[in-house]
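S.K.: Below you will find the structure I want to go over with you.
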Amino acid sequence: MLHRRYLEKLPVAAAAPFNCYDRRNASNCIQNTRVDLLQEIREWVDGGDKRPIYWLRGLAGTGKSTIARTVAHHFHDRRRLAASFFFSRDIGGDVRHARKFFTSIASQLAQASELLGDHICDAIKRNSDIVNRAPWEQWRQLVLEPLSKLKCGAPRLSLVLVVDALDECENDDDIRAIVHLLSEARSLRTVRLRILITSRPDSPIREGFDKIPETEHQGFILHDISRWIVDQDIRVFVEYNFAIIRQRPGFDVNWPGKEAIGTVVERAAGLFIWAATACRFVKDGGRFTKKRLFAILDGSLSTITPEKRLDEIYLTVLKGSIRPDFSEDEQDEHCKTLREALGTIVILFSSLSISSLARLLGIYEEDVEMSLNDLHAILDIRRGSDLLVRLHHPSFRDFLLNKERCVDLRFWVDERKAHQLLADGCVNLMSAKLKRDICNQQEPGALTKDISEQVTKSNVPTDLQYACQYWVHHVKRSEARLQDNGKVHNFLLQHLHHWVEVLSLLRKVSEAVHAIILLESMVSVNESTYLQAFVHDAKRFLLYNRSIIEDAPLQIYCSALVFAPHRSLVRKQFENEMLCPINILSGVHGEWSSLLQTLEGHTHYVNAVAFSPNGKVVASASEDHTVRFWDTATGAALQTLEGHTSSVNAVAFSPHGKVVASASDDHTVRLWDTATGATLRTLEGHTYYVMAVAFSPDGKVVASTSQDGTVRLWGTATGAALQTLKGHTDAVMAVAFSSDGKVLASASHDCTVRLWGAATGTALQTLKGHTYFVRAVAFSPDGKVVASASDDRKVRLWDAATGAALKTLEGHINYVHAVAFSPDGKVVASASDDRTVRLWDTATGAAAQTVEGHTFVVMAVAFSPDSKVVASASVDNTVRLWDAATGAVLQMLEGHTDNVSAVTFSPDGKVVVSASVDHTMRFWDTATGATLRTLEGHTYYVGAVVFSPDGKAVASASHDCTVRLCDAATGSALQTLKGHTDVVNAVAFSPDGKVVASASRDCKVRFWDAAMGAALKTLDGHIDCVKAVAFSPDGKVVASASDDHTVRLWDAATGAALQTLKDCSTSCLETNQGFLYIQSASAGVFSFEQPVFVRGNWLNQGERNLLWLPPEYRPECSAFQGCHFVLGCRSGKVIIMQLSFC
């Protein structure tokens, strides 16, 4: 049972094994066929050949899959089949891609051997998120490592893994990665894993095998076997099938005769698929069996190509479906229905049942069934609502879609029109079936992981799932011109949210993002102005909210709409569908800002970020010891690279994008394979933290810099140390190559930038001008300008040839950590401790834009290859993607310029006051969110703020050791209360407003006369920082809370200590994050109906997740009064919400 529980965590492709239900009718090699080849494979498995992979390749129709099934069956019967994975684009689903490849293999291994199952379960226990890890981690931890723990005697046991039709895997990078990773089976010592791979001889697979030594694989080209041998095997196959037919009544024992069989063999032209199709056609003929045989024997035996022979048999089968008693009109109707049904079947991205096909096409199920009834020779047709219709062989698809091959135009399928028909069917079906909360969850915070697949399937049937996943792809391939107020536009206006909700339930939100991006590329702004605007807004909407929609589907009607800009077209269109009873009064953008996405996942500071050369992947490096890969288009996490044992400070892609280099505090540089995530090399030599890494333009050299004061050059191919460049007198923080690779620039804490000859290591220039540590350096794309960033808050531009200072870019108000040129060289981006990214005009040095949004120090910045996107990495643990064109042109409502540390309501609830690290307090109108006034006076961080009971005065407590009292109506200063010797953390008014109490890090509580500002009493007793203070409702008792883990009660009149509380309990606490409900023995003493509070990233109502808070709206503090809730954010934003349910 324990076994099963862990193994159930592995996602598997149900249609992958050779003997799965979906393949129950697939045949093996007939006895006495393929004898020599099968014997060679068996000898390779059990013989002394050390090569772990056997690559069987051949053209379409040559029998590869049949051989693979036969081999799998043979070793399965002998309990030596490790696993099998048969790819198929026709079956579709999980066997058209590799996402479940290694987990499926691991699951089959566990079922094959109880001992292996134990080892695999151990691996899952050690790595609970292994299903989300990179393919190479799944392969090594779930397959290689468990196999390596098997203890076998001599000779070593050989287990067989069969991978069929690898060319049917839809991602070329996955194909190459699979070949590379499977070759690692040679490392096994106690057991031999033999891997049979079959495929067409396509380029991605050839490229994969070209990268592994010939000593690790052997190959066999199926279509190069002697034609005579193949014909003999086909003869055996045909005789076997005709012998079955002869057993029927009315057939002579010698039927159809040797001559007829010889003709069939010759017509097959060496293609098993031709022979198999012909035999099925004849067998399914019923009373027309003999007539069908004559039909395929009819015609000359001219030397036409095998492909033409295949075309003839397919055409013969199709014509055979037209009954002799059909009238001309009936023939036309039959061919039309057949063409629509077959056209749909051959262009589907995943197989469907007859009933699903009928619903998508809007045709009666009986009509589809009758039209396909005589096509069993080319279609695998099964009865039942859930049974799928599939092609026997993919070559039929090639035939049907090619007008030159399918010469009878009654059957030829115009691929573009077929996609148009199916696209219309998908949109019609979705329009009829989609609705809000389709699974009837009724909980806005319901999580996807808690909604079972069975619940989803019962509410979203297969045909609707298909339509939601693939409708945009069919629209694209139909080449339709999309128009304002057309079918697609109207569908999006009515059902955008419903469609995305379904994709969330299917765990495919990233596909929704890809689909919208694809749709945007199809819309012309000149021809479809309104559609283009809506699709663009939908893209921004999905990019910003992808992560929460992925986790909680119904938040698309809550958080996504609540925090969407007020002028968002999507918000306006769907605000009536909002599930969350919350209205934002202040603090939300009017338009989409430059922030495209926030990538969350790292558990510590993000130090560096880089784009892949093709712009499709972002890599980030973090103090959590990992490098992460992200999909630039969707923001989805792709891979996590683990191996460093300390903070990762830098990351860079090689020019061809196949290798990533990372630099770490563990004194090493690591090179990683971007396709598999595998570590290629670990470069050791630095004696202290490695701070930066860069590739030369040809990718042959890696440069690294370290706090050991050196720059080191390494050979990428071998990992060999080439040179060590010495000259800096302090830590070297950054390095960059010029575009021609001839010059290397380094930046150091010695306040200089140095230029070196990359080939010789000779020092060329020393650039002096910065007055503090230089943290970053970059070359312009043409190599003529060097940019440097420094702790002196400046970015400097230098002439790379002469070393002369060109420009000084000033504007940052704190250390500048990073600098980068846009690929077109027109813009310089800089990242700073001041939490901003700034964009500068390279030619003039003028500040172009300031990009704000990070809530902490920004450590790194990079441009996408097309200069359209800027990526930034921050100590707030996030990577953010920004629109480089718009930057920060669209600003927030006026607000604080630093963390909001406290918020409070006036007694009548009409005004909110916020306090900030920016030394100010701001007054806001609760109803409108408008700023009323800004109060200045404190000289440091304002940590607490409170209204007097009558609302006429406001008291503020600051890190400048003072309490200030001001007039709430005018903002004028009333009193400054001085006496504390350290930070003042909290302040409170007595119920009658006459006394102010303050709590300080000096361990004291002080009482002050509110009218005069005079000090009244000092309460001593705490032995550590006092964090909070409050009066009892009758004003007779004061409570204070301290870091000494006590709450002390004091007599307000005398200042005498009354009690020291070390433990307390209540059912509902009013905290700085709202009302917090606590289950306890005394529950019921206080009763609050559905308290509202902030917990983690959510606004909760009672125990329910109500509203997810995006990263930029997560509060440092909050306050609740009546129907209003206020969030004070680290970014300086103050968010005022109105709750309609209170």
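Glycine too: its Cβ is placed from the backbone N, Cα and C atoms.
Straight out of TrEMBL:
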type	residues	note
DOMAIN	39-200	domain 'Nephrocystin 3-like N-terminal'
DOMAIN	650-808	domain 'EML-like second beta-propeller'
REPEAT	599-640	repeat 'WD'
REPEAT	641-682	repeat 'WD'
REPEAT	683-724	repeat 'WD'
REPEAT	725-766	repeat 'WD'
REPEAT	767-808	repeat 'WD'
REPEAT	809-850	repeat 'WD'
REPEAT	851-892	repeat 'WD'
REPEAT	893-934	repeat 'WD'
REPEAT	935-976	repeat 'WD'
REPEAT	977-1018	repeat 'WD'
REPEAT	1019-1060	repeat 'WD'
S.K.: Give me the DSSP three-state residue breakdown of the repeat 'WD' (641-682), ordered helix, strand, coil.
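M.R.: Split by secondary structure, the repeat 'WD' (641-682) comes out as 0 helix, 24 strand, 18 coil.
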S.K.: If we skip the immediate neighbours and take only residues 6+ beyond the ends of the repeat 'WD' (893-934), which ones have a Cβ under 8 Å from one of its Cβ atoms?
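M.R.: Those are 585-587, 855, 940-947, 949-951, 954, 956, 958, 966, 968, 971, 1072, 1115-1119, 1121-1122, 1124, 1126-1134, 1136, in sequence order.
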S.K.: Would you say the repeat 'WD' (1019-1060) and the repeat 'WD' (851-892) are touching, if the rule is that at least three C-beta pairs must lie under 8 angstroms and be 6 or more residues apart?
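M.R.: Touching, no - the repeat 'WD' (851-892) and the repeat 'WD' (1019-1060) miss the threshold of 3 or more Cβ pairs under 8 Å.
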S.K.: Same chain, outside the repeat 'WD' (683-724) by at least 6, Cβ under 8 Å from its Cβ: which residues?
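M.R.: Non-local partners: 649-656, 659, 661-665, 667-671, 730-737, 739-741, 744, 746, 748, 756, 758, 761.
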S.K.: Could you give me three numbers for the repeat 'WD' (935-976), the DSSP helix, strand and coil residue counts?
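M.R.: The counts are 0 helix, 23 strand, 19 coil.
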S.K.: Please list, for the repeat 'WD' (683-724), how many residues fall into helix, strand and coil according to DSSP.
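M.R.: Summed by class, the stretch gives 0 helix, 24 strand, 18 coil.
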S.K.: Would you kindly list the residues that approach the repeat 'WD' (935-976) from elsewhere in its chain, counting only those six or more residues past its ends and only Cβ-Cβ distances under 8 Å?
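M.R.: The answer is 901-908, 911, 913-917, 919-923, 982-989, 991-993, 996, 998-1000, 1008, 1010, 1012-1013.
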